[in-house]
Amino acid sequence: MILTSFKPQDDRIKCLLVDDVPENLVALEALLASDRVEVLKAQSGPQALELLLEHGDVALALLDVQMPDMNGFELAELIRGSERTRHIPLIFITAGAREQGWQFRGYESGAVDFLYKPVDPYMLKTKANVFFELHERRRALAQQLEERTEALRVNEMFMAVLSHDLRSPLQAIIMGASLLQRQSEDARAASLAQRMLLSGDRMARLIEDLLDVTRIRQAGGLTLAPEALCMEMLVNRALDEARTGQPDRQIEFQCFGNAAGNWDGQRISQVIANLIGNALHHGSRDAPVRVEVDGAAADQVVVTVINGGAIPTELMPHLFNPFRGGARPQGGRQGLGLGLFIAQQIVLSHGGRISAESRDAVTRFRVVLPRQVQAPAVQ
């Protein structure tokens with residue numbers, strides 16, 4: 001027969017006592033049971049295992065060593081052999097001598113401590129309370145993790161739905177503004193339409209960034225479509241767009257060696273455009289933005305974007321963290337801080353690495369890409 005105390009509530013800490021002598025179980029229960037602790041009692045190894053199957057979340061087990069049929073050491077080995085119960089702390093209670101070989105076998109079986117009969121009540125309660133406190137803390141941390149994970153899941157689902165639903169009306173606004181710009185003979189109206197187009201494009205990029213973050217977090221990565229490409233061509237295309245948007249800024253470009261490789265062109269273009277855009281918006285306007293492509297190595301291509309101006313030291317550890325934002329450009333808006341996070345994930349998806357260095361009023365972003373994608377298409 002399995003003996004167990006009355007359980008008025010399910011959230012109490014559970015402590016398992018195993019002893020073939022009922023009087024010993026009653027004495028131990030009197031010391032440990034409380035409104036906070038539920039005591040489970042078993043008079044044999046098989047009964048203890050049955051209780052553990054029924055009550056998996058046990059904070060501590062106290063096992064008598066000298067029991068018939070299955071002794072405490074054998075029971076401990078079975079408890080340690082199960083994935084469900086191997087984490088439970090075990091304390092052996094024995095009337096045997098304090099022999100080193102005896103203790104060694106106990107610790108080898110998985111014990112965390114020994115108590116010797118007659119048990120000192122103060123020692124027992126002190127040791128047990130340590131494990132009860134640890135169990136409560138682990139349980140609280142697990143609950144917090146579950147709650148935060150669920151909150152993050154709901155938040156990302158909301159972000160994905162919102163971003164998707166914004167696409168259609170935004171496209172209608174962009175198409176209307178484009179039509180107005182082409183057909184209007186009023187210079188003021190055409191200028192207004194141009195501003196609407198620029199704002200619409202900025203919103204479209206923001207929506208795509210939000211969707212990318214959702215894909216990265218929910219699907220574990222981005223889908224890649226590698227193809228044979230030339231990095232020099234990708235950079236020149238990004239530079240053409242940058243120069244069109246900011247014709248007054250000086251941008252220099254130099255390519256060394258073989259710039260060919262197999263990459264996802266759309267995604268790598270996204271990385272390059274982000275780094276060049278950051279350099280133009282956050283860098284010193286008095287210094288040129290410089291882009292270098294180094295294809296000298298046989299197995300990789302390196303892209304470096306250099307601009308004048310330093311990144312504040314306190315921002316450096318968080319550059320690639322989402323929703324942290326960077327330094328606010330002079331006279332501009334601060335973004336959501338998604339661009340560098342997404343760029344990093346794209347580079348990692350290709351099996352590459354990205355780093356930033358800022359010193360002596362010069363900032364360098366360096367992207368190292370293997371010539372062949374070294375990671376699965378979906379991370």
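Placement of Cβ uses the backbone N, Cα and C atoms for every residue, glycine included.
Since we're looking at a predicted model, the values are computed, not measured.
So that you can see what the record holds, here are the features copied from TrEMBL:
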type	residues	note
DOMAIN	14-132	domain 'Response regulatory'
DOMAIN	161-373	domain 'Histidine kinase'
MOD_RES	Asp64	4-aspartylphosphate
Cβ neighbours within the same chain of Asp64 (4-aspartylphosphate) - under 8 Å, at least six residues apart: Val18, Asp19, Asp20, Val21, Asn24, Gly72, Phe92, Ile93, Thr94
Within the predicted model, mean pLDDT of the domain 'Histidine kinase' (161-373): 86
DSSP-derived helix, strand and coil totals, residue by residue, for the domain 'Response regulatory' (14-132): 52 helix, 27 strand, 40 coil
